[in-house]
Structures are given as structure tokens and as C-alpha cells.
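According to Swiss-Prot, the features are:
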type	residues	note
BINDING	610, 611, 629, 631	Ca(2+) binding site
COMPBIAS	188-201	compositional bias 'Basic residues'
DOMAIN	225-651	domain 'Peptidase S53'
CARBOHYD	112	N-linked glycosylation site
CARBOHYD	218	N-linked glycosylation site
CARBOHYD	247	N-linked glycosylation site
CARBOHYD	331	N-linked glycosylation site
CARBOHYD	445	N-linked glycosylation site
CARBOHYD	613	N-linked glycosylation site
REGION	177-211	region 'Disordered'
SIGNAL	1-22	signal peptide
């Protein structure tokens, strides 16, 4: 009987230890649903070996905003004292405590330190282990899954556990709950109903104009067509310095749209004779991208960007960040990750908000059997001081954590002194028609306003659009763009985020708008209450745009023909070019770039031309009205170059 007593005691001890273990471990991730494309097969073989990657929690995420404000706020003693790329990477690398805590846990579970490597960017611990070991490590069961459409295989679990004491140090585990194949193209590209992926702005033109109209164009008829002369007159832009700084090239992003040198030369010959024929951007081609193309294949976006920017910045150079091979550029749901990978090598494997590296179910995967056969390009290009992006999506198009990880990267670029500007969109308070599962591009069955992405990220500068109304001159105030003209219908994008709260640098301006010009619509507070009580917008969300510039009736050569175009994609390279010009003047007097410009502009709105006429309709409403000060149609207003230059020359 005594042996049985000992056995009973031993079993009781095991049960007690098991209960204690369960009490001190927690579910770290759980898959809530599995796509019908994935078929669960047999449990993995216990002796199979796998590469295990544990994404470590990054340091300084909570203080990241304060770090950026410290170098971006004009009142800060550290204004414009930017970090190097290595300093930023080190600042956000996992802490020594995080690495040690996770490594100690692995050792306790039989994964000795000699088996574990830390990646170069310090963000991952990587080791080889058998199925039996990782099931024991994560207190779970792994199964093989087969994708019935693609034939791809993956191993995954439905949930996994980590010790409660270690959980705060772990962001993500692979293999884990995600069913992403290790390589290959997604079986189904998630598309908008009316657009194949990213919105290339504009999507309306160009509208043909008779050739004889070209000869009669001058600053007196800018209400009919906007030429470089009109832009200089509107924003009081003088000629550029004859000897620009060699390290101050303007960056322009393009994807799936390509310029033609013939179009640029035609534009220079007609409107900018001081720019030599053959002038072209510096190539920074990412993951198999190529440019230029024959004039018969020229894209309206790329031609527009360069034809607007060159007359402002020349003889400064322009760098073209042409992104992704032709196959992926026209067949991807994700946005911007491969571009950011190329600027920051650590971003390729960077973990934040439960996202580690690119998402192969959304982003391009390289090598690409149908295109670029090289490896994903990581950290191969240095970011320019200013980057202009005339592309965008809507917040509801991609997962929130995908967007938040990306937004953090824009913050990091700001810490390095990079100014990133985005077009605010061309659909007023809505998304493109068909987006958001509604014909009008709105949320909740076509009623709730649809904020844009990445515009809602508080660490970029959003540019809305204005126009010179018929009969007005360049010396009179512009108005918010609204063209209700059928196929060419267009309104300056603006609204409030469902992901990000109002940033501190913007809080006073937004509060003033609500106090003095309260929109006549019901609202909700917080994305979790989307549409509640008939609310049309999030009263607590980050507002956009931040600024504006002309974006209508823009003169352009495209496909060898002269016409007009427009969109906030025209406004953005204009504003970005002006910032690049200002940086050139700062460099000439021994100062540096200006980095994230929003805090300076919100504290000094008088350097912009306030826009007080117009609205940005959408979702069956008039949208938001312009107003004195900031508004969600034209932001703080359009540039006044002399005032902006003086402001930034006076700053450190």
C-alpha cells in the first residue's frame, strides 16, 4: 500500500505543477477564423525540424512620439538635431532585459543559448527546433495546412501560450497562428470594386486642349490652365539657386505608373526652356522596377509629378523611387512596405503591433518567378530629405496593425530628418467609388465617411487640393477643389482617422474648428463606435489634410499629347518641391533639413495662405467646409514661399 501512497502523492504533485504552469502562462495569439482556402491536415511529425523566429518587443515605442516632437517642435532646444539611421535602429532595438528574459525562458525549456541567434537588426531570436520541442515550448499543437487554390503548405497552430512574465517581451512568433506560405504569390488579390489596388491620383484625365491654346497661355489665364508660371505666381516662388546643394535631391515615389522622357522634353520645351532636354530623375529602382517607358505607354501620374516638380526645383535633382517589378506592381494588395524596406534594412524584419516584416498574403514576394528574380531589397537606398507620394488607399483596405507598423516607420524617417508628404485623396470625405463595400466609397452601407491611408498617420504631411476659380486671378484667394463634372468629379480628400487619435501638435487647431465651425453632422467617438447613433465621422480622430496646394486644370504632356489634369497628386509634388527648395537654402547657410514639418506649421499657420471657400463633398453630404485656420478640406492652407523660407531660415 505504501508504494501506491507514494505514487498518489507524485501524481498529485504533477497535477499541482501542471496547474501552476497553466496559471502562469497566457494565450499570446489566437486565430479567430481560418480561410476556407486552407484545409487542416495531419498533426506535424514530432521529429520534423523547423526554423523558429521569435519577434521581440521593440524599445521606445511608447516614447517614440515624444522623441519625434523633441526634434520637430520649433520650441524644443533639440529642434532639427536629427538621428542617424544607426542611432534610430539602436533606439528601437529590443532592450537587453527583453533579450535576456526570452533567452532565459528558452534555456529553461531546453533551447540552449548556443542554438539561438539574434538577427542583425536585433529584432528576432532565431533557432532550429523539432515539432515536439516547439509544441512543448508554446504549449500548443501544430498541424499541417494545405491551400486548395495555390497548393502551398504551411504549419500553424490555432493558439499558443507564453509565460505571463515573458509576454510583454514577445511581439510575434513564427510558426504561429498565421497561415502565410513562405513564398509565392497570393492566390487572390483583394481588389477594390472599381480599382485594381492603390488609387493612382488623378484617375480622371488628361482632358485634351487645343494646340493653339498653348501659345496664348500666361499668368493672366491661370483660372483656365495652371502652368509653371502660374504656380510661381500663386506661391511667390523665385528662381532657384544656380548652384544647389549636391546632397539635396527631391524624392518622388512611383509604382505601376511610368514616365516617358519624350513627355518631359515636350513639357520643358513648352513651359520650362531653362531645363535642358533629356533632364531626367536619378534612378532608385526597387525590386526589379524599371523606367522610363516609350511615350505610348506613359503614365499620367509619373509624367504629372515630374512636370510639376522640375520647374520648381531645377537645377536641383530629383530621385525616382520606382517600386516593384511590373508583375507585382499591378498585382498587389499591400502598399509601401517594399519601398520602406529599400530605405531601411531593419524594416524588412521589424516587428511592431503584431506585424513582423512584410506580409506575404498582402505584399510582393521576391524572388518573383514572373519578374524580378533577386532577393527583396533591404536598405539599399538612402532616403532623400523630402519624399513626395501621390498614391494612397483607405484605412479599411488593410489591417490596422499593418498600417500602424508602417506609420511607426514614417516616424523613424522623421527622426532622421526626412519630410514625407502624401496626397490626401480625390474623393472628398469618401473613398473611391466601390471602396468600403459601397458604390459611393463610404462605410456602413454608404453612409459613414471613409478616411484615407496612410494619410491618417500622424507622422506624415497630407496635402489637399485647391483651384483658381473661373474669373479669379492668382492674386485672389484660391478655393477648395470640387469639380462635380461627371467622369471628372473630384473633391479634395479630408476627414478624421478611425485608427489614430488627434496628435498633440494638431489638437488646438482641431478643437478650434469644432468650436467655431462645427460640422452639421452627427459623429461617433472612437473606431469601436463607428456609425453609432448615426455618426458620420470620428470626432476623436487625427484630422487631415495638413496643408494644400493647387491641384486642378494642371498643364501636362502625357502620351505625346498636351492636355490638363489634376488631383491632390498634383498638389503634393508642388508642396514637396517648395520644402525641398527651402532645405536647399538652409543647407547654403550651414543648417540642415527640416524633417517632420507639421509641428512647425501648426505653430506658425500665418506662413500659409488660409483657404476659406469651398467644401469637399462625399457620402451624400457636402463634406467639410473650409474655415479660417485649419479645416479638413484644405488643412492650414497653401504655401507662401517667402514667409515659409524666412521661418525656416530663422530656426536652428
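Cβ atoms are placed via backbone N, Cα and C, with glycine included.
Known features from Swiss-Prot, placed on the structure.
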residue: 112; record: N-linked glycosylation site; Cβ within 10 Å: 10
residue: 218; record: N-linked glycosylation site; Cβ within 10 Å: 11
residue: 247; record: N-linked glycosylation site; Cβ within 10 Å: 12
residue: 331; record: N-linked glycosylation site; Cβ within 10 Å: 18
residue: 445; record: N-linked glycosylation site; Cβ within 10 Å: 11
residue: 610; record: Ca(2+) binding site; Cβ within 10 Å: 18
residue: 611; record: Ca(2+) binding site; Cβ within 10 Å: 25
residue: 613; record: N-linked glycosylation site; Cβ within 10 Å: 15
residue: 629; record: Ca(2+) binding site; Cβ within 10 Å: 18
residue: 631; record: Ca(2+) binding site; Cβ within 10 Å: 31
Separation of alpha carbons, residue 629 (Ca(2+) binding site) and residue 247 (N-linked glycosylation site) (Å): 35
Candidates 112, 218, 331, 445 (glycosylation sites) - the one closest to residue 610 (Ca(2+) binding site) by CA: 218
Spatially closest candidate among 112, 331, 445, 611, 631, the listed recorded positions, to residue 218 (N-linked glycosylation site) (Cα to Cα): 611
8 Å Cβ shell about 610, 611, 629, 631 centroid, Ca(2+) site members excluded: 612, 626, 627, 628, 630, 634, 635, 636, 637
Pairwise Cα distance for residue 112 (N-linked glycosylation site)/residue 631 (Ca(2+) binding site) [Å, integer]: 58
Euclidean distance between Cα atoms of residue 331 (N-linked glycosylation site) and residue 613 (N-linked glycosylation site), Å: 40
Spatial separation of residue 445 (N-linked glycosylation site) from residue 629 (Ca(2+) binding site) - C-alpha basis, Å: 33
